[in-house]
Amino acid sequence: MVLFSLVATHADIDLETVAQLSNGSSELASAALTDSSVVSGAVVLATCNRYEVYGETANGADLEAARSALVSQISELSGLNEQLVSRSFATHTGPDVTRHLFAVSAGLDSAVVGEREIAGQVRRALITAQQEGTASSGLVRLFQAASKTAKDVGAQTALGSRGLSIVSVALDLATDLAENDDWTTKKVVVFGTGAYAGATMSLLRERGCTDISVYSSSGRAEGFVATRGGTALDADTLPAAVAAADVMIGCSGSDNRVEAADLARVRANSGKPLIAIDLALTHDFDPAVGELDGVELLTLESVRLAAPQEQAESLSQASAIVNGAATSFESEREARSVDTAIVALRRHTMNVLDAEMEKVRARHGCTAAAEEVEFALRRMVKQLLHIPTVRARELAANGQQDDYVAALEALYGIQVEQPQAAAPASECPVDHEQLRSESA
């Protein structure tokens, strides 16, 4: 089985294109497995500044077809031209897939380097794929190893020790822009009830903010504030809350964005400045709100440009952990890939031995001599299999496991069966209730 990934991030393309690509991302994995025979597994990682698709296919010969199938699906779901979609994604294969995901999960590839929110997003991406039955066994191992690597980086280095995140940097920027930097006096309206909104609520509380209202176009605000505090808003109470707000923060990414004309009308008699923080990749606020008098607009691009740099020592230590973990994972995966071939060779050889022993017993009976012959033959077979087994491990370590499998098929006619591609959700030990609460 071959792993690959399609990667579109803030580092390579503008965030507007990332946002457009990610439209329909929740449907991609299932659609790809349904419509394509060459994509045997898929996990989608979509965050505020990246859209990545991790896939698995049976062999390297199917790789281009699998990529094309995913590009076609993304084009259909997003409404973007297929050529534009193809150009927007970098394709990773081989060890680069592992190294990239491990770095992403550890926060090394984030707009705010060292931020910890991404580790949870990587974990939730796997859980979602497991629920939908699109996570192949190889992808499950990859994402679980990435999560473990992120934990190791957090435990063994000072990377992220300042607790920086996209939300915290955005709030720091808002503090710098505000005439009054005291959050205890501010009225805040939060749009959204997902994981980002939850992180925003927590950080606002840490800064002393108590007057927080929450709006959800899907009607989830009541349940959200029931466990986190704050005031739930609906369509009727939202305008008054926005009119009185000092800060409004967009975390939902819904289709119901706040238009500049509507905001101007609602705040016509406000008489005080407003800071609008748009953390949604697909924009909760019309970009034109930043042109309104008395309104300062902060976006993900603002956060990226303002993000402080981590210390070189922490980055070096974290990178070493990521590289070591990626190398170990690849070595284990390559060794594992020949296990089925080794088992197939042993089964083939033992079947031949058993067939010959049946002939011996049929001719001579179950005598002591027959038992001695069988014992000698089994010992000889074990010795004969030793070198092919050792060579299999050596070839796998050098990435030549396919050569070994091809040799078995050419010399002995042994067909090596690939392991089952997909891991159904019902067989995966995931906490589905926790997932639902985090994505609400």
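In case you wondered, yes, glycine gets a Cβ from its N, Cα and C as well.
Since the structure is predicted, the reported quantities are computational estimates derived from the model, not experimental observations.
Marked as active site, nucleophile by Swiss-Prot on the basis of sequence analysis: CYS48. Sequence annotations record features per position, and here Swiss-Prot assigns substrate binding site to THR47, CYS48, ASN49, ARG50, SER110, GLU115, ARG116, GLU117, GLN121 based on sequence analysis. Sequence annotations record features per position, and here Swiss-Prot assigns NADP(+) binding site to GLY192, THR193, GLY194, ALA195, TYR196, ALA197 based on sequence analysis. The site 'Important for activity' feature in Swiss-Prot is assigned to HIS100; the stated evidence is sequence analysis.
On the structure: features taken from Swiss-Prot.
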| residue | record | CB count, 10 Å |
| --- | --- | --- |
| THR47 | substrate binding site | 22 |
| CYS48 | active site, nucleophile | 25 |
| SER110 | substrate binding site | 27 |
| ARG116 | substrate binding site | 19 |
| GLY192 | NADP(+) binding site | 26 |
| THR193 | NADP(+) binding site | 27 |
| GLY194 | NADP(+) binding site | 18 |
| ALA195 | NADP(+) binding site | 17 |
| TYR196 | NADP(+) binding site | 24 |
| ALA197 | NADP(+) binding site | 26 |
*Measuring Cα to Cα, how many angstrom lie between HIS100 (site 'Important for activity') and THR193 (NADP(+) binding site)?*
30
_Please report the distance from the Cα of GLY194 (NADP(+) binding site) to the Cα of SER110 (substrate binding site), rounded to the nearest angstrom._
20
*Diameter of the substrate binding set by C-alpha atoms, the set being THR47, CYS48, ASN49, ARG50, SER110, GLU115, ARG116, GLU117, GLN121, in angstrom*: 15
*asked:* Can you tell me which of the recorded positions CYS48, THR193, TYR196, ALA197 is spatially closest to SER110 (substrate binding site)? Compare CA atoms only.
replied: CYS48
*If you count other Cβ atoms within 10 Å of each one's Cβ, which of the binding-site residues ASN49, GLN121 has the most?*
ASN49
*Round to a whole number and give the Cα-to-Cα distance in Å for the pair ALA197 (NADP(+) binding site) and CYS48 (active site, nucleophile).*
12
*Reduced to three states, what secondary structure does DSSP give ASN49 (substrate binding site)?*
coil
